[in-house]
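**Q** Just lifted these from TrEMBL, have a look:
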- 1-34: compositional bias 'Basic and acidic residues' (COMPBIAS)
- 1-38: region 'Disordered' (REGION)
- 73-93: transmembrane segment (TRANSMEM)
- 100-121: transmembrane segment (TRANSMEM)
- 141-159: transmembrane segment (TRANSMEM)
- 166-190: transmembrane segment (TRANSMEM)
- 225-245: transmembrane segment (TRANSMEM)
- 329-351: transmembrane segment (TRANSMEM)
- 363-380: transmembrane segment (TRANSMEM)
- 400-421: transmembrane segment (TRANSMEM)
- 428-446: transmembrane segment (TRANSMEM)
- 458-486: transmembrane segment (TRANSMEM)
- 520-584: domain 'STAS' (DOMAIN)
Amino acid sequence: MEEAEELRALRQEPSGRRITISREDPNDRKDDSHTTTTSTRWGTLLEGLDPKRRLPILTWIRKYDGADALSDLIAGVTLGLTMIPQSIAYATIAGLPSQYGLYAAFMGSLVYVFCGTVREVSIGPTSLMSLLTLEYTAGRPVQYVIVLAFAAGLVELAMGAFRLGFLVCFISVPVTSAFTSATALIIIGAQLGNLLGLPRTVDGGFFATVWSVLSRLADSAAGDTLLGIGCIVLLLALQYLPRLVPATRSRPVHRALWYVSLSRNALVVLLSALLAHHLVTSNTDGGKATAPFRLSGRIEPGIPAFEWPVRDVTVNGTTVTFPQMLVELGSGLVLVPLVAVLANVAIAKAFASDGVVDATQELFALGLCNVIGSCFRAMPTTGAFTRSAVSHASGVRTPLAGLYSALLALLALGVLTPYFYYIPRATLAAVLIAAVASMLDLGMVRRLARPPALRTDLLAWTVCFAVCLVQGVEVGLLCGMAVSLLEPLRHWVGGSVSTSGMTLADSDAVHRCIRPEVGLLYTGVDRLRTAVLAEARRQPALPLVLDCERLMVLDYSAARALRELADEVARYGAGPLVLVNVRPGWCRALELHQTDEGYVFKRPEPVSNG
């Protein structure tokens, strides 16, 4: 959040012109001449395939000028300096060679230039995607990662085609907080070994990893430990660097320090690599160059050629087909795109200048980033909050800023890969730990313990956080969602009933009014029946009225139970059960008859014996 604070300090003067990117929803258009067409499925399909909607660049590029290009260039370069070291580090989380993070950063940034609707969003590898990738592909060939990205992209495209972006609404804020906090702890625990120079062990969960590190503290390497801790201290110092000279004292100096702070990841990685290169070239052991800390190793240069991801792979002499890989990936085919959509839509809403986000287009954009990226061996991607904040703070004006950051990633792959060999692993671990530390939101527990938060909110946070650490993030997220849904299900499924007195129109008699809340489904019938019969027994002389004003849902079981309930009320001598404020469409379905007081259930005509 420090970037946001610095942004507020720097933006006391009006910012330059910004191109407005249209996010108009086709369902909200006011042109009456197209009402009939867009109401049809064919019209909706054609509108969804409109190139201007699916390629927003065709709209805003017409207004692009030199001032926009300069602002985007500054923002894109600043973003690239942050993205390159992060992408290398996130690849290590997923257990991949460093170049795969750069593949994802390059393709994600490039595709979003053409399909994105929010100028600030930066698509690429993230800590969440890297951790989920490791969960489902650990110990498997790299082809599994590519297939996971391809399948996730297809699911995201399908969600966009069927307008399923609303599914992210089922994940509450407490569950999101617990999920990200647990993920941050898991990543920090996994990077402790690299920070201390310990050999990597098989991942057995958060507690097993931390215990393994603690039990091997005596074997930690002094060089890696000192370098890692020093890098964390330097990152924190650079983060607070702009506060040394407030903007009110000297705006140019403050802005210069601010840009240095934004580039702190790249600066730390560069300084560490230079130090490692100097030590390797100046120290030799029997003719072999050595370094006092572990290095990243060789990175394959260049962007790989186009390769269709739907193909078989050979594992230990056995051919594994594409469908078999999908089966082995299991729930990852659903969870990875769901988390990606959750993160991307949330970031888009946070940074959208007008607060409106075309969720369908964002799903299409994210899906294309993953599908096209998988054809170039990229890992799964989504929007990154940290990089989006850097882009926003750098004065980005259009998504074209992603082109410059993509070119920087391409430059890194084409020219700088030989020098990536000298990046110490402890430095990458420090970059990751410093980046995800801000994701820890343990203060949420204190806020959830106070009104207006519900007890289920605190329970959902606790369950999601604990299960993520013990059983894995995918199980924890599902458990947290299940607990958070208990409260709305209690209201919608179980329902609630209120009782009061009322006087109907054209009547001086006082009726006892029973009002069901929200909905009446088969699971809430018993509660309503108990309340109605209790009133019938308590005061059988007063007529009963069922107020349906707040009823939103009614199923077949509840409709049948209402008729049976009316018969029971009549047997108690309380007269007919009167229904008021009934929706017109329900009168026929319930076979109601209108009277002066309201609606009553129709009775069969008595059969005459004459």
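Using the three backbone atoms N, Cα and C, a Cβ is placed for every residue, glycine included.
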**Q** Cβ under 8 Å to the transmembrane segment (329-351), counting only same-chain residues 6 or more beyond its ends: which ones?
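**A** Sequence-distant neighbours of the transmembrane segment (329-351): 117-118, 120-121, 123, 126, 128-129, 132-133, 135-137, 144, 147-148, 151-153, 155-156, 159, 165, 167-168, 171, 176, 357, 359, 362-363, 366, 370, 380-385, 388, 392, 474, 477-478.
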**Q** Run the contact check on the transmembrane segment (400-421) against the transmembrane segment (73-93): 3 or more C-beta pairs under 8 Å, excluding pairs closer than 6 in sequence.
**A** yes
**Q** If we skip the immediate neighbours and take only residues 6+ beyond the ends of the transmembrane segment (458-486), which ones have a Cβ under 8 Å from one of its Cβ atoms?
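**A** Distant contacts of the transmembrane segment (458-486): 131-132, 135, 170-172, 174-175, 177-179, 181-183, 185-186, 205-207, 331-332, 335, 339, 444-445, 448-449.
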**Q** Counting Cβ pairs under 8 Å to the transmembrane segment (166-190), which of 141-159, 225-245, 363-380, 428-446 comes out on top?
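**A** Ranked by Cβ pairs under 8 Å, first place goes to 428-446.
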**Q** Is the transmembrane segment (141-159) in contact with the transmembrane segment (73-93), using at least 3 Cβ pairs under 8 Å (sequence separation of 6 or more) as the test?
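**A** Contact between the transmembrane segment (141-159) and the transmembrane segment (73-93): absent, because fewer than 3 Cβ pairs are under 8 Å.
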**Q** For the transmembrane segment (225-245), what are the same-chain contacts with Cβ under 8 Å, counting residues 6+ beyond its ends?
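**A** For the transmembrane segment (225-245), the sequence-distant neighbours (Cβ-Cβ under 8 Å, at least 6 residues beyond its ends) are 2, 6, 9, 194-197, 253-254, 257-258, 260-261, 264-265, 267-268, 272, 293, 424, 426-427, 429-431, 433-434.
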**Q** Can you name the far-off residues of the same chain, 6+ from the ends of the transmembrane segment (363-380), with a Cβ under 8 Å from a Cβ of it?
**A** 54, 91, 94, 96, 100-101, 103-104, 106-108, 111-112, 115-117, 123, 125, 129-130, 132-133, 142, 145-150, 152-160, 164-165, 303-304, 306-309, 336-337, 340-341, 344
